[in-house]
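Before any comments, here is the structure.
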């Protein structure tokens with residue numbers, strides 16, 4: 001287990017002290033880490049000044065609860081920053097991860113703040129699914145004594161923009177809650193909106209919440225576990241790419257790469273279940289094509305975050321070029337008065353369809369216009385890092401991190417196009433080349449604390465990545481618990497990712513069972529959800545034996561189909577109706593026995 005400092009905080013340790021602390025705690029169990037935390041707290045509080053302080057009972061200080069519901073870490077960072085702002089204002093605040101929130105307590109909340117992102121087709125983040133389901137159930141209590149505010153993060157390139165935040169906001173009001181502030185829906189470039197909203201929240205709460213004594217101004221909850229690393233999304237580690245290996249066959253329709261990155265002596269730590277954030281640069285050839293289509297030269301000066309840069313450099317390093325959005329299409333149409341695009345303006349569905357099927361460079365190619373450099377920059381969104389599920393355990397690979405990358409490649413009317421980050425890693429970073437990375441910790445996708453607990457892993461395609469990390473960790477720990485893998489892809493001969501490794505784990509007895517679904521090797525398509533139904537009786541036995549279930553991969557189709565198959569298995573072999581099966585699976589989620597890493 002690792003410990004986590006809010007990204008905005010400055011570590012009070014020098015690199016040598018940090019390395020010693022990490023070395024001393026790297027092999028401790030969660031229970032041992034909790035004891036060590038208490039031990040150091042006790043040492044600190046043996047100081048005379050501390051002994052003299054007598055804090056008032058917490059029960060006398062009804063305060064503010066912040067619920068963080070994050071998928072990629074952005075919502076968590078906003079929640080942590082708000083927590084810090086409220087502490088600075090001497091307000092009593094508790095910050096809790098949505099997955100750890102005892103949602104039956106919600107009726108007793110007086111001041112409630114929800115910071116949430118949205119995933120998939122307007123769904124809440126994985127860690128907030130149980131809370132969301134509870135609030136929308138008949139069990140949800142009235143909240144007449146609760147004042148609340150919601151900050152929602154989303155991406156306007158998706159149809160259900162900020163839907164999770166809209167859901168929480170409307171439901172809390174419907175249950176009788178009082179809005180402290182109107183909901184804020186923030187797009188990808190959320191920082192300015194978040195900063196303004198945080199200031200408004202602090203002002204609104206100062207008049208409602210009691211000021212806490214210094215000893216009471218503390219935040220609790222899983223969000224506040226400390227991950228000791230000086231590296232973050234905003235301060236990434238410059239690492240080097242050491243291995244770039246294609247692991248699909250020459251006749252495969254997919255290009256999947258096994259990527260290994262050398263972390264050197266950085267001390268960067270991660271756990272199985274975490275994600276690797278990768279900052280990439282756009283393809284110079286794509287930048288050149290876009291610039292020339294707009295009759296620009298590329299050396300025009302533009303302003304980016306207060307700095308003056310040549311247009312080419314700004315486009316390569318700072319702006320999103322490979323993902324189009326409805327807003328970009330609409331703004332480009334209005335700006336250029338394009339006869340092709342103007343009819344789409346005002347029709348959300350048509351704009352979204354066009355954006356989803358037409359990259360920015362092809363939009364310009366099909367509807368040419370002349371823009372000045374600043375107008376182009378103002379049209380685009382800032383470049384954001386991509387997250388990849390980590391496919392390794394440091395118990396085996398030490399100062400390396402591995403990821404499994406499905407390279408996005410497609411044609412648009414004869415022009416080859418590719419994904420920004422995936423093609424950067426696959427095509428443009430040379431061996432030993434620099435890659436800027438950071439760890440996005442995911443405490444909602446963790447191996448069981450008890451090594452004897454059985455594990456069921458469901459991961460078709462590149463969803464196999466975290467389970468490679470899981471197996472490395474289980475093997476290194478010599479964990480006696482059983483392990484069962486469900487994997488699927490189009491063809492056995494071309495698409496069996498990490499085949500030799502899985503076969504070795506089976507031979508060594510580490511992988512107890514493996515079920516494989518090859519969707520294109522026979523007339524009828526077979527998927528992992530079909531294998532789940534086929535093995536329903538045994539699956540139910542494992543669940544009854546306390547197994548933890550993990551799902552990784554596509555959120556929109558696979559994860560939903562897998563969940564439906566699990567519900568059917570639970571209903572059939574558990575003798576339950578549909579409603580009871582759904583309740584059973586929800587309880588597994590609350591108990592952290594059903595965890596998903598979907599995207």
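The backbone N, Cα and C atoms fix where each Cβ goes, glycine too.
Going through 495, 554, 561 against Swiss-Prot, the one listed in the NADP(+) site together with 519, 520, 525, 526, 527, 528, 529 turns out to be 561. Listed binding-site residues: 388, 599. The one with the lowest count of other Cβ atoms within 10 Å of its Cβ is 599. One residue stands out among the binding-site residues 70, 322, 404, 519, 529 for having the most other Cβ atoms within 10 Å of its Cβ: 70. Across the structure, residue 419 (FAD binding site) and residue 520 (NADP(+) binding site) place their CA atoms 25 angstrom apart.
Secondary structure of the domain 'Flavodoxin-like' (64-202), assigned with DSSP and counted as helix (H, G, I), strand (E, B) and coil, comes to 58 helix, 32 strand, 49 coil. Across the residues annotated as binding NADP(+) (519, 520, 525, 526, 527, 528, 529, 561), the two Cα atoms farthest apart lie 18 Å from each other. Closest to residue 406 (FAD binding site) in space, going by CA atoms and restricting to the binding-site residues 120, 158, 161, 526, 561, is 120.
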